[in-house]
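Colleague: The structure follows.
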Amino acid sequence: MSSINKKELEKFEKISHNWWNKNGEFGILHRINHIRIEYIIEKIKSNYNDISKLQILDVGCGGGLIAAPLALQGFNVTAIDALKSNVETATIYAQKNGLKINYLQATIEELENDKLYDVVICLEVIEHVANIQQFILNLVQHIKPNGIAIISTMNRTKKAYLFGIIVAEYILGWVPKNTHDYSKFVKPSEIYEILTDTNIEIKELKGLVFNLAKNEWKLSNDIDVNYFMCLEKKMNSLSSTCNGIPQLKRVI
């Protein structure tokens, strides 16, 4: 079953040339990108002693906002996206900046089943796919044993609707109107339920919040709007656990 949402693809295809315009439709991603990269690298280093030969997969890579900085840090990155125009934009940027990244136009379903990676990354993608459950199960299938995945998305709360849609799209104009569909936002507990009876452990939940007084973004324990989730594929466990995460236990 495909996770492609054709309406979402059409929406992003119209602006796919503008990924690297810091003042354009993806400007908000540029403003939070240093936090995203720092978080990813922190999780990688906490899981691996030797990071020199790690294989990283970036799913739904867009124009390469995650793949490019990681490649610049010396990581071996494969990045996939369903949109040809996104891959073209990402490839052009990589070539101009001398970055070696294996870009592929592909969905997670089209990736060969035996292709496994030490780190699988999927940021701000889940809320745009057609079948969230199948997408997540396909995603974690490509993690090597004892490897990790880092995903981020938006929580389905009243607070997320207020700040993620009303404020971000209609008041501040951080992202184009109709970028998000509230019904596609995902509660952490729903991801936990999807991963039940798998060998995937949820290691951490971390929120990303905007401090209006300081005009800056920061990591937080507040997961009501944006959140990161770090997963680990265990060798022997057959049941997903929440690793004692209080925010997750509270909403299950």
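Don't overthink the numbers, they just go from 1 along the chain as shown.
A Cβ is built for glycine as well, from the same backbone N, Cα and C atoms used for every other residue.
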Colleague: Going by Swiss-Prot, Arg36, Gly60, Asp81 bind S-adenosyl-L-methionine; tell me which of Leu9, Leu111, Leu116, Leu123 is listed for that site too.
Modeller: Leu123
Colleague: Might you list, by sequence position, any residue in that chain lying six or more from Leu123 (S-adenosyl-L-methionine binding site) with a Cβ less than 8 Å away from its Cβ?
Modeller: Arg36, Gly60, Ile66, Ile150, Ile151, Ser152
Colleague: On the three-state reduction of DSSP, what should I expect for Arg36 (S-adenosyl-L-methionine binding site)?
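Modeller: In the DSSP reduction, Arg36 (S-adenosyl-L-methionine binding site) maps to helix.
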Colleague: Highest Cβ count within 10 Å among the binding-site residues Arg36, Gly60, Asp81: which residue is it?
Modeller: Asp81
